[in-house]
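Noted in Swiss-Prot for the protein shown:
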- Asp118, Glu138, Asp142, Glu150: Ca(2+) 2 binding site (BINDING)
- Asp122, Glu123, Glu128, Ser132: Ca(2+) 1 binding site (BINDING)
Amino acid sequence: MNLNFSLLDEPIPLRGGTILVLEDVCVFSKIVQYCYQYEEDSELKFFDHKMKTIKESEIMLVTDILGFDVNSSTILKLIHADLESQFNEKPEVKSMIDKLVATITELIVFECLENELDLEYDEITILELIKSLGVKVETQSDTIFEKCLEILQIFKYLTKKKLLIFVNSGAFLTKDEVASLQEYISLTNLTVLFLEPRELYDFPQYILDEDYFLITKNMV
């Protein structure tokens, strides 16, 4: 994947955990705003090796780590849809669930018919069953680092998401914590962009300085 915008002479490749430092406050603010309001035809471009633009729905943006709700309706909708797809790929499990749902439905229908009121009912789908069971992410994060790791784990699970963007996360993480996150990102083959307003320790990073020159630091 690649990133491009007007101040760059050429696109920046996004591989694993990429750190991009924007030293000019106005530029940093503007790029964060572009990410927040991202559209396929916006000035900020994310695209793959085939020059295909990354869709808004394929990007996960985290501007407030502590305030990020891993059980928001948007996240849960994606998780439930992925679970449904998993069941569809396992015919034996899906068949077993369908039989159990049919049995439960028959019992409820019988009671509806016995009731004096003229009751209606609908068949329940696997997706509706997942929702009714209240399937959600169990959160156990006590620190900002643990919350970041939790977000990465959720992002890994969401197959329709292609890019995760952390904004100014380095301000809350130690060098060892950033290293641990980078290791996890590398091992799980994720694509993550860290947007930072200042240099992030001595990790490999791209730095767009206040004169708008792009510098690479600590690159192997």
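In case you wondered, yes, glycine gets a Cβ from its N, Cα and C as well.
Shown here: features listed in Swiss-Prot, placed on the structure.
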residue	record	contacts (Cβ under 8 Å, 6+ apart)
Asp118	Ca(2+) 2 binding site	none
Asp122	Ca(2+) 1 binding site	none
Glu123	Ca(2+) 1 binding site	Thr105
Glu128	Ca(2+) 1 binding site	none
Ser132	Ca(2+) 1 binding site	Ile124
Glu138	Ca(2+) 2 binding site	none
Asp142	Ca(2+) 2 binding site	none
Glu150	Ca(2+) 2 binding site	Val70, Val137, Thr139, Gln140, Ser141
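Highlighted in sequence order, Ile124, Thr125, Leu129 have their Cβ within 8 Å of the centre of the Cβ atoms of Asp122, Glu123, Glu128, Ser132, the residues recorded for Ca(2+) 1, and are not part of that set.
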